[in-house]
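> The structure that follows is given in the form of C-alpha cells.
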C-alpha cells in the first residue's frame, strides 16, 4: 500500500508533477531572460512561461474540420502523462530514488521517445500539410538521434556494471551509487566520448535551435503544433517543460551526480540544472543557425554515433 | 486582501503577435520585424512573442492596403485566429491606401472588412509608434478577456 502511495506522490508531487512543472517552466523563463540579456535586450519577466500557460487556458481550442478529434485532443494528454512518469523515474543524488517497481533505465529510454511520437501523431491528426512535413522531419530526426543515445547510455551502464563486478546494470540508482563512491563519470576520460554523444543528443531531443527542424516556425510554421490553440497547445508547452527536466536530470544522473545529501543535494541539483540549461540550451541556440534536415541526419549518423560506438568499445576494453 | 490571483490580468501579460501582410510594400513589415528583433526596441519585455501560426495568436498586426488579390486569403487567415483577439492596422495604407490610394486593385480602407481596434499611421511608422500601438491593443484585449 505504501509503495503505491509513494509512487503516486513521486508522479504527482515530487519530483514529478507539480514540482517538475514549476521547475521546468522556471528553467524556460530563465532561458528566455538570459537569451535576451546576451542579445543586449531587457527580455521578458522570469515568470513569462507561467503567464503564457494562464493565457492559453483562456483561449478557445479549435479543432480543424478534417481532423480526427479524439486523436487530435488525446495526443497532448498522452505526451504529458508519459513525461510525468518519466520525471518520477529519474533519481536525484542523495534526495530521491524511484521505487524499483516503477521501472528502470530501459523504461525511461522508451518514455523519452514518446514526446516525439506524440508530435508525429499530432501532426498527422491535424491533416495540415505543414503537420505532415513536421511529421516526416520529426521521424527522420528521431531515427538519427535514437541510436547514439542508446549506445551512450549503454556505455554508462556497462562501466557501472563492470565496476561492480557484474556485466551491466540498468538501474539508475546503482549508477548514482557507483559514481558517489568512485567519482563522477564527468571526470573519467574513458566516459568522455559517451558524454559528448549525450551532449549532442540533448538539443535534438529538446528541439532547440540547431535541431528545431520539425517545429521551425519560419519554414513549416511550427509544423505539428500549427493547428493547436488554447489549452491543447498549453499541454504541449507543459510537455516540453517536463521533458527539459527529464533530459537534464537524466544527464546529471548519468554523468555528474553530486555527493551531497538533503537540502544541499537539492540546492546543488537545482544549480546544476540551471547551469546545464544555460550552457546546453541558451548559448547553443543563440550561437547557431538551424540545420537542414539532411544535414542534421548526416551529422547524427556521423559524429554522435561514432562517439557512442567508441565509448562502448573503450569501456569494454578498459574494464 | 484578495488571495485569489487575478488570472485574467495575468493572462494579458502574454500577448502573442501574428502579422498579416495584406499587400504591403514590405516597409512596415521590416519595421515590425525590427521592433521585436533588434536589441534597441525589445517588444519581448511586454511578454510578446511572434508566432508562426494564426491559431496561436492574440494580437494581429495587419499591414498593407488590402489588394483585391490578397483579400480572400487575408480573410481566411484572420478567421483562423481564436477569440478573444485584437486587430492593429500598421501603416497609413490600411487607413487610406497611402501611396496606392484610388488604385483599381486596392480595397483600403480596410476597416470595411476587418474590425480594426488600433491604427498606427506612418509610412512606415516608427518602431516606438508600433510598440505603443501594441501596448494599447493589450489594454483593449484585457477588457475583452
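The chain as shown is numbered from 1 upward.
Each residue, glycine too, has its Cβ placed from N, Cα and C.
Any TrEMBL annotation is an automated prediction that lacks curation.
Owing to the predicted nature of the structure, the values given are computational and were not obtained by experimental measurement.
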> When TrEMBL marks a stretch as transmembrane segment, which of A:102-122, A:165-185 is it?
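So the range that TrEMBL calls transmembrane segment is A:102-122.
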> Identify the transmembrane segment range according to TrEMBL, selecting from A:32-54, A:262-284.
A:262-284
> Can at least 3 Cβ pairs under 8 A be found between the transmembrane segment (A:232-256) and the transmembrane segment (A:71-96), with each pair 6 or more apart in sequence?
yes
> Can you tell me which parts of the same chain pack against the transmembrane segment (A:102-122), counting only residues 6+ beyond its ends and a CB-CB cutoff under 8 A?
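Distant contacts of the transmembrane segment (A:102-122): 7, 10, 71-72, 75-76, 78-79, 82-83, 85-86, 88-90, 131, 134-135, 138-139, 141-142, 146, 149-150, 153, 157, 170-172, 175, 205, 214-215, 223-225, 228, 236, 239-240, 243, 246-247, 250.
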> Compare A:6-27, A:190-211, A:262-284, A:296-318 by their Cβ pairs under 8 Å to the transmembrane segment (A:143-162) and return the stretch that comes out on top.
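Top-ranked stretch among A:6-27, A:190-211, A:262-284, A:296-318: A:296-318.
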> Under an 8 Å Cβ to Cβ limit, what residues of the same chain, 6 or more beyond the ends of the transmembrane segment (A:6-27), are close to it?
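Tertiary neighbours of the transmembrane segment (A:6-27) are 46, 49-50, 53, 84-85, 87-88, 90, 92, 96, 98-99, 101-102, 238, 240-246, 248-249, 270, 273-274, 277.
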> If we skip the immediate neighbours and take only residues 6+ beyond the ends of the transmembrane segment (A:190-211), which ones have a Cβ under 8 Å from one of its Cβ atoms?
112, 116, 141, 144-145, 148-149, 151-153, 155-156, 159, 240, 243-244, 247, 251, 254-255, 280-281, 284-286, 288-291, 296, 300, 303-305, 307-308, 310-312, 314-315, 318
